[in-house]
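Trainee: Just dropping this structure here.
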Amino acid sequence: MDFTEIHKRSRRKKFQQIHQDRKDEMIQQLGRRFHNQPSTSATYPSAVEDIPLPSEVPNVFGAPPPLTNADFHRNFLVDPDVVVSHSASLIRSNRHIVKAEDAEQYMMVSRERVGTTAERVLEDFNSRVIKPLKAKRRLQIDVPYIDHPLHSMRSKTPERKENEEDSDSEIRSSDSSSDAEYGSDVEEEPDSCRRKKRTHKIQKADSSQTKVEEKERQNTLLRMGIERKRNHPNAIDPHISYNEKGLGNDSPECRCPFPIRNRGLKHGYYAGENQVLKCSKNDRANLHYYTLHVTPAPNESQIQKTQMLINGMEYHFEGFTMVTHAPLPDCMTRRPVFKYSIDYEFQLIEEFMPTECFDPEDCNSIFEYIFHDIFELLDFDLYPKHLPPGTASCPTIHIVPRFVAMENNTTFIWSSKTVLAFFLLHGKNNMFSPEDVEKNCAMSDDAFGRTIAKLKQSIVLNPMKKPSALRADWFSRDLENKEMFLIQNTIRSQNFASPFLPQIAALEKKMSRLKQEKKDSGNKNPHYENLKAELIVLKDKHREARQLKLKLPVKDYIDTGLKPDVVAHVAMAIIASHHIRYNFSLSVFEKVIEYKFNDRRIVELALIHSSFRSYYGTTPDHVKNMISNCGYRKKYGAEERREKKKGIISLFNIMGGETSGGEPILHNERLEYLGDAVVELIASHHLFFILNHHFEGGLATYRTALVQNRNLAKLAMNCRIDEMLQFAHGADLINEAEWKHALANAFEALMAGVFLDSGIAPCDAIFSKAMYGKDPEMKKVWDHLNEHELKIEDPLGDRDLSRITPALTDFHRLEQIIGIEFNNIRLLAKAFTRRNVPFNDLTKGHNQRLEWLGDSVLQLIISDYLYRNFPLHHEGHMSLLRTSLVSNQTQSVVCDDLGFQEFVIKAPHRKNDLKMKDKADLVEAFIGALYVDKGLEYCRSFIRTVFCPRLKHFINSEKWNDAKSHLQQWCLAIRDSRNPNPAMPEYRLLGIQGPTNNRIFRVAVYFRGERLSSAAASNMHTAELKAAENALAALEKASFSRMREKYMSGRQHRLHRIFFS
């Protein structure tokens, strides 16, 4: 057993031990966090008696304490820069570049080398290299593809009918025998309801059976696709993957229905690519040249590189030049925002290139030869797809190989003619002729090694095989039969499963069961060690089975002249091509929305769907196969294992800021979280001022209609977001409902991006144009906002009234407390006028409309603060923090701290007692009045100063988690990781008591069919929260009992089982 295997096995055991330790301490951690005790995860108790019992806490989810001077340790009005993944702006190079005339003459003048001229090199290349290659490729046997069904455009979950009852009602109404004591309080269900529920159960069972059958059918088709590739007559080996047009390693790359195949980035349709592109030798000066710089250099620390020695100068392959027909946008990002699973990055550098070095026809032939004929990237196409079929056009980007040499601060670069001559020199003949094979077989071993050393790690090509191109690691010979073979050391494809995997899985399951029996009984099972040894042997065999050594005859193989360093440049060129075309599309998009981004990184992020995890610019399997078959060889098992980020402990650590480092979140869900608040405020603002006589209930109804996904999806399509959204090429967004939901989220993310880039005003303009751009009259009504009625009466302010009106004079003291002076002090008075106050000419009504508006303002400013200051938090984490900050409890504390109760304008003969909800409404109404009088910036300063310092309390005490969420996380922590549908807490209504104006709801919480606790309250939500708190207290006591049992010795463990079980 080698050292690598020992190291890997020890590392695997280390991760298994870490996972087991985390699982063992999880419930103890949850109990500690529930009661806000200091961490005990660093060291375990030394004895059972040292484990602390939980303290009795009546209510752990209380309001935050009042603010002190220590809470203002930082300036909450100053934000860090918005975290993005890459820096922007293009780089311009100042290198002195000239054409390598000597190299061109050397390659073409000598008849022994190429035997052509600069005028005839393209013709000779096509006739002596391309034509024979395509003729040989046509000799391959055409095996029909496996016919896979297209993805369905219907929704995976059928829409509910309006009269169809929710499944939760069935869960809540169905009760066990333990609920009999409350059975008299619940009315008996009619027969029609029972029939509907039985029908629903039958339909659900049929749907589950259909899903199982569909999954089995898909697995069968996948296996058939894999077997087809394994048994292909032209495959060089059953365990080596190869590329075919439109096909991945196991199934077709695109299974989209025909109606949607002519749209979207995933099908190669880029916005704005609807013009015929033509360039010729005479137009070369109007083209734009950008060097694709790949870091780290692919040939760094490598012996074998793509290079050629000419007249004492060493020309090496530097990468590719990307030639475009228009200059790249000035605000274009250096690199794309999305991720790709390749260990390289690239930058586009604007650089001068001699016009005589570029010829469009030469470059098109070189591109076809490298990308399609050698590496078989058959789905990679640079021609615009919006043009009618048969329309002749240049590709959107010309990709030119760069061979350079440096001398005296001057860079000499090959022309496209010289590159053609290079490939003609290597590709016109086979790598070894029969005479060469016979000569090499007659050599001594030392001479043979020196002869073929220069061919080591060459990329060789045989167009009659699949894959056509391979990396030749070494060459061997059969002296008896006078034959030569190329050797490649590789790894079998993961699609071709090892026969040892089922046996390994069965043994691991059996060992896990024996380990649990040993833990329970304390007796060692004699079969355990035998199974462990057998498992080690099987894993060694599995490892050996993954490794593969190919030995192929050299007949019909040609040397392309390329080495594995070219592979990384090719992969980066594909991604860079998408990046360039996408940024040209963004320029069209900016014209549509009539807004130019200062930083395009934010709009790129806003248009990346969460399914878009990694992208290669073409079929992912094609790029992976190219890297595996032709790239530098990687050691098997050398990849780093990343720690999983899921789990309740990780959640608490993230929320508490205890994570070190972290990767940026490269999709639009964080922006969608912020954009939801932006869109809500825009809609609230317009409705508030347009419908100035509508009550808050009607305004809320209209706002719901405006911000619903159906409407936002239409606005997204009006902005052509459907042409710009980047998402995975699969079945996720095929059906119409999910597609519209994704468009709505993308529109909200776009609003957030514009808000972060320039503020709320451009967001308002884009929303207005998207909503009513096709109806000028309606757009005029939407854009024309009336002033508030109190401001209309006194356009210059009404502070003079406070001198003669005692009711207004009292608010001067409040202005001194908060440090803000209102222009219209009657607005401030209206914010403190409750609903039960009769209508009067002073305030013109109560504060409910202002409270409705202030809620939207508060949501946006808190969301903006969390987005900017917690860049590594997901949208779910930020939602938890926002909920804790804008809750009624927090707002009631703010109301008490600022003394708002003293200034409430109440009705005559009414008590001044305010409930928690009343105090919260008072704060929101004040924010609404401040927004109407002073604008968003004053609200931002007030909310950042009053609310945001309290966030530290919620983070440190971990009270951002309510009881129901906490109980759900507890149940998830003890789930079986192999179960895709873990059990969740169920809340059931046991009974309703009392008159209609004073109802008491009794609720019980169940887990895995057992009741955990019950509680009663005046509404369902509060009753569920109390039931969850009671369940947590009971579960915590039980968890500490189990932890004590864990630290017992074997004898103590058995005695405990005997006496206490």
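We number each residue from 1, going along the chain as drawn.
Cβ coordinates are placed from backbone N, Cα and C, and glycine is handled just like the others.
Checked Swiss-Prot, it gives:
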- E851, D921, E924: Mg(2+) binding site (BINDING)
- 156-173: compositional bias 'Basic and acidic residues' (COMPBIAS)
- 586-759: domain 'RNase III 1' (DOMAIN)
- 811-935: domain 'RNase III 2' (DOMAIN)
- 962-1037: domain 'DRBM' (DOMAIN)
- K917: site 'Important for activity' (SITE)
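A description of the local structural setting of each listed feature is requested, covering burial, neighbours and distances.
Mentor: The Cβ neighbour count for E924 (Mg(2+) binding site), using a 10 Å radius over every protein chain in view, is 25. Following the DSSP three-state reduction, the secondary structure of E924 (Mg(2+) binding site) is helix.
In sequence order, N888 are the residues near K917 (site 'Important for activity'), counting only same-chain partners six or more apart with C-beta under 8 A.
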Trainee: Counting by DSSP, what is the helix, strand and coil composition of the domain 'RNase III 2' (811-935)?
Mentor: 82 helix, 2 strand, 41 coil
Trainee: Let me make sure I understand the structure: which of the binding-site residues listed (E851, D921) has the fewest other Cβ atoms within 10 A of its Cβ?
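Mentor: Each of the binding-site residues E851, D921 was scored by Cβ atoms within 10 Å; lowest is E851.
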Trainee: Taking the recorded Mg(2+) site as E851, D921, E924, identify the other residues of that chain whose CB atom sits within 8 Å of the mean position of the site's CB atoms, giving them in sequence order.
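Mentor: Other same-chain residues near the Mg(2+) site: N847, Q848, L850, W852, G854, D855, A920, L922, V923, A925, G928.
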